[in-house]
Structure formats: structure tokens, C-alpha cells
Amino acid sequence: MAGKKKIAIMTSGGDSPGMNGVVRACVRMAIHMGCEAYCVYEGYEGLVRGGNFIRRMQWLDVRGWLSEGGTLIGTARCMAFFERAGRLAAAKNLVAEGIDALIICGGDGSLTGADRFRAEWPSLIQELEDTGVYTALQLQPYRHLNIVGLVGSIDNDLSGTDATIGCYSALARVCYAVDLIEATASSHSRAFVVEVMGRHCGWLALMAGVATGADFIFIPEKPREDNWREEMCGVVEHHRKLGRRKTIVIIAEGALDREGNKITSEMVKDLLADKKGLGLDTRITTLGHVQRGGTAVAYDRMLATLQGVEAVKAVLEATPETPTCVITINENKIVRKGLIEAVQETKMVAKAIENQDFDRAMGLRDTEFSEQYRSFMMTTAVQVNKKMQVPEKDRMKIGFINVGAPAGGMNAAVRAGVAYCLSRGHEPIAIYNGFAGFARHHGDSPLGAVRPFDWLEVDGWASKGGSEIGTNRELPSESGMETIADLIEQYKFDALFLIGGFEAFHAVCQLRKAREQFPSLCIPITLLPATISNNVPGTEYSLGSDTCLNELVEYCDKIKQSASATRRRVFVIETQGGRSGYVATLGGLGVGATAVYTPEEGVSLEMLAADVRHLKKVFAQDQGQSRAGRLILINEKASKVYNARLIAEILREEAHGRFESRALGVVFTPVAKVEEEKTDCPTRRPKAEFWLEMKDIGDILPGRPKYVPRESDLTGIKPKDVKRGIEGF
Ligand code: ADP
């Protein structure tokens, strides 16, 4: 890194939840790396106008920004930037402030503008020299413009990244709205056409369709066949015949038919309401800007933070030869990609749609998009399309079983699995209350543990929390392996589908090992990881872990706000997560916790002492920029000695302030491989936890001092020693 850099951050184009997280991460990371941080207010408009629109930012200026919706530094559409004169003014302003790197967070329009600016930069600088605005000497350090892009967009419409900052918050809002609408639709037996944003990109509509179990969706990239009217009415009619009292059709604002004509919400409504056809009482709800508003969900906060940090690193590592990059996420990894390529590919999708080359448009979206589309089609059209069914001889009887503690999404997974089975002609069977239920209540009574699914009931499970078929922690060995093996034979199960966390994983391991002894266990057995702790080996993501993080982040936001009347408050919050610090670490990253204590790292007196000193310093410097309280998160098993209450008491004692305490992409991997190579059984967590490196970022951004473990660190001490130790430092 040559000298100290001045890095400016701006947000541009349509706002999206998470943009503030980007600004916070960039500002703090820049300062952490010894650079000066600036914000350009009001997007390109601010860049063109300069002066007061470009402001130096300090560490505390961005405090609490993770919990704020929209963008606090403003955004605008700027016509002037489309013209060379506007871009020339922007160049002049950057040079005037001495800024040598620019990080831009926006959609494809903003990134196109950024790319143009970068390409033109040498000629703009030359013009500033030729017209005598600056001398060649003055311009010398600015011959090359260092630009890095970040994708902030609710549509998830940029090629080359699995997710854009804000898209999951928008999706959460759409799902929430559809849940509300479903309740009223069901009451009146109505049909609703829900219009969501997405001019060229159907991601929101598709994912909302999958997540809420909508009857039908319309997206721009994949128009239905010419008979879409009959097709939609056929599906809706079928669902009504099965007993569904509500009809939900989700339509992207850019929905098209195969000829490229617009399909509007009105057209869909008229069809559903047509007295000669379905004759449903139908309403339209256009969700509009509700989708943009509000604070970011945990995922977007994490993405904003990690990508913001990466953007600053990219700026510092760039040389004049490095191609301009955009920060993306692919399969859970933050990656730098060519900005120009990403923007060009995105434009190609729009072009393909315009040319009605829909296969190409679909092909340009990532593979997950097509898979989601296929699974939506498979799970919505239950038993409608006989063509989808497998030949009689290949049909299977599949037992569904939930194991371990309930996690958000378990029911949705059962629903999708059952729908898939029914569509393909398989026979899904519910095994109630885990292996314990199976072993003890298997009789043939109507309330026995083994029952066929009632589709009408299951259909409503997409948005239900908990576990409708009941779950139990008991392992097959505890229930009796022989009993379980006999029952599998007795009920003639061809396959077992387990949904659950570490216990479920353990159960699968046991069943696999017992195969030699019990041939009836030699059937396909699959585990879908679902646990809030996200500690199942072999996967980076378990169902329910994001729901848990969202709840935690929302809760922490409220707690922080509750301190605003008194200021100078620290809350110590205990999180779940077993012996895995995932929930605490990611939760901490999402709310900007001052410190996070995890079982992986443990808690020591030295660590506490360092954090107390840090808090004292922080409060001494506090100029009242934000009145929100500060948070410390501690995992329930981080330490045998220090719990949330004790830490809060130590802080209160030491800081003499006012503190308060509160104890408060699918890959199949063979289980044998995961068990042998990737599992740390005693601690019930994976050996390599992909998120561990995020812990550092979670510490850097709130300014927590780096803690280096020392030999002298005390472990295994008793509470009374703690008191003594603290008094001594
Ligand atoms: P988004 O970034 O959300 O796609 P827009 O398409 O409105 O939003 O772009 C935001 C701003 O980026 C525009 O108002 C304009 O200032 C700038 N911009 C977009 N496209 C270009 C371009 N081709 N050349 C120069 N500036 C552009």
C-alpha cells in the first residue's frame, strides 16, 4: 500500500436494506487500515456537486448504522452523470478532496456509471490538466482511479453473484406480506394477485412463490406456454378441488408472455374472477415500496459487512493494472469479480428477455435460479401433471421423521418433500414424534405415530413454525435399534427422510452403522440439516439458523433502542447455539456487538479485562452521536464460569457506569465421510467452521482490541477468584 489512502464510499440508484451496513463496514475498515474515510452524499449527484456533499467520516459517525433501513448518506438518480460534463465535474471534486479510491454500492445502473467513469478517467484527468484546472504535478497521484463496486439491490438481478445486498430483506418482507394476505384470503375464500418488484428479474416473485407455497407465479425470464391462462386456471381449480380456501398468484412487475407482451395483475385478476370460469372473489395487492423499506435481515447485514470489508481490502490491494472489481458472493464465499463482465452479463439477460430468447435469459441466471423454478413447478402442481410421475415400479414409500429440537423451516421442508413425493407418484408417510414416537406408538390406531399425510393440512405448513409432525431428541439406539429396524420392515419403508440437527445427524450415523446387523436399514436414508445452531457437519447452512438470527437481531435492535433514554448502557445477552458459537458470532456481526464470547474461543479473565478497558475508553470518547445501548453476546456454553449475569455484574462493578444484565445451495455428502472427516463429536460441531474467520471482522468493526491469549490466562477458576482477579487489575 503506497501511502495513506483517502477512500470515499457512496450509495447510488434504488436504495436497499443493508446499504448502511456497507457504509459502516467501509468507513471503519478504512480507518482500521490507517486510511481516511469519506462519504459522498446523494449518490452521483453529490459527486457532481462536490463541496459539502463529500464529507470526512470518523469511527463514531457510523455507530448504530447496521440497524437502520434505507441509506443514511442518501441516494439519487442523477441525470448529469450521464453526460461527460457531469463526470468531469465529479473528477474535479474527487481530486479537490484528494480522494484516490471510490467504493460504490448500487444496482446495475450505478455500476454501469462507475465503469464508464473509470474507463473515461484518464481523459477526464487530461482535460483537467489541458484546461488548466490543475497542474500536471497536482494531478500526478490521480492518474488512475481506483474503483470497487458493491451490489445493493432488492431484485437480486446482478449476474455473477448469488445474492445482492438487500434482496433477502425484500424477500422477507414479501413473505411476511403474503402471510398476512393469506390469512384474510382464507377467511373469505378469496383469491389474491400479489404484484412484487422486478422489471427484468423474477427472483423475488419466484422465491416468494417457493417460500409461501403460492398457487402460481409469473416471472419475466420464463413465460409460460401460450396456454398460460388455461394452465393457471387449471392449477387453481385443482387446488380448490383439494379443498384450498385461498388462492395466491404472485406476479413480477415485468411479467411477460411468450410473445413479449406484458401480463398485468389486472389480466390475471379478470381471469380468476371470470364468472364463466373460476368466478373467484379476487383482489390485487401491489406491494410496492414496502419491499424496499425497513431494516435489513441478518443475512443482508452479514453480507453488507463482509463485502464492505472486502471492498476496502480490494481498494488497498489494487494496482493500476488490476481490473476494476465488484464484490460478489458465490456459494457462501465472498469473491472479487470483473465489474465490466458482471454488468455486461446482467444487460444480456435484459436483452435476451427483450428478444424473447427466454431460454438464454434463464441460462444466464445462476443454476440455483433454474432449480428453484423447477422445484416450484414440482411442488405447486401437486398431482396435476401425470407426466411428472415416475413409472409404477420406481415408486417409493418414504418415511418422514423430525429429530431434535424444532427449527424454523422444518414444516416448510416437510411440505415441500410431501408435495414432491405426491407429484412424482411416491407415497410420503409421517412418522410422528421422532424415533421415540415411532418405537412406542406405532400401532394402527388413527392416532398412531405412522400416518399418511393429509395434503390439505400439509399445504398450510409453508409458513408455520415448530414441527407439526412432532420432533424428539431420542436416538435410534435409545429407542432400540432392533425395534426401529423391525418397524421399517413392517411398514415396508423404501426410504427415510430425516429433518433435524446434530441429533438427526447422529441418528443417521447410527442407522448406517447398524446396517450390517439389520438388512432392513439398507434403504436410502437422507438428512436435511435443520437446527438454529448451524452445527451440522458437512453443510455450511442448516435450515432455521437464519430465522434464529433474524429473531436475535430484531430483539437486539429493540434492546439497544430501549437504552436510548439513559445512554451509556451495556446489555449482556445470552444466545443459544449449544457448543457452537455460530449464532452468537453472526448475531454479533448483524448488530455490531461490542464483544462476542463463544465456546470455540472460551472466556478468560484477560479477555474480560481487555473488554472492560475498551468499554471505558468507548464511553469516555462518546460524544452522544447515538444514544443506542451497546451489546455483548455470549453463547450459552461459552464458559462454565462466566454467564451473562456474572459478566454484567463484573462490568457494572468495574465501569462504574450504568449497565444492565439480561440472561436472556444443497449438496449431498455421504454421511460416513462427514462423520469420519468433518465431525468433532465431543463438542457436537463441525471440525472446520466456515464462519470462524468472520469473528475477526466482528471484532474489528466495533473496535474491540485484539486479544492475544497468554500463558498466564486463568482457566477453570471459581466465581470468588473472579472477583479477586478483577479487583486486582
Ligand atoms: P440502479 O443503480 O439501482 O440500477 P439507476 O439505473 O437509476 O439505478 O442508476 C443510478 C444512477 O447511476 C443514475 O441516476 C446515473 O446517475 C448513474 N448511471 C446509470 N447508468 C449510467 C450510464 N450508462 N452512464 C453514466 N451514469 C449512469
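Even glycines carry a Cβ here, placed using N, Cα and C.
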Next on the checklist: Please identify which of Glu230, Glu253, Glu321 is recorded by TrEMBL as part of the substrate site containing Ser153, Ile154, Asp155, Arg190, Met197, Gly198, Arg199, Arg283, His289, Val290, Gln291, Arg292.
Outcome noted: Glu253
Item to check | Listed in TrEMBL for the ATP site shared with Arg77, Cys78, Gly107, Asp108, Gly109, Ser110, one of Gly14, Gly18, Gly202, Gly209 | outcome: Gly14
Checklist outcome for this item: The answer for which binding-site residues (Gly14, Cys78, Ser110, Arg569) have a CB under 6 A from ligand 1 is Gly14, Cys78, Ser110
Item to check | Arg283 (substrate binding site) - helix vs strand vs coil (DSSP) | outcome: strand
Item to check | Which binding-site residues sit within 10 Å of Ser153 (substrate binding site) - Cα, from Gly14, Cys78, Asp108, Asn534, Gly577 | outcome: Gly14, Asp108
Checklist entry - For Gly109 (ATP binding site), which of the recorded positions Asp155, Val290, Ile532, Asn534, Glu636 has the nearest Cα in space? => result Asp155
Item to check | By Cα-Cα distance, the member of binding-site residues Ser110, Met197, Arg199, Arg283 nearest Arg473 (beta-D-fructose 2,6-bisphosphate binding site) | outcome: Met197
Checklist entry - Where does Val290 (substrate binding site) sit by DSSP, helix, strand or coil? => result helix
Checklist entry - Nearest to Met197 (substrate binding site) by Cα distance: which of the binding-site residues Arg77, Cys78, Asn534 is it? => result Arg77
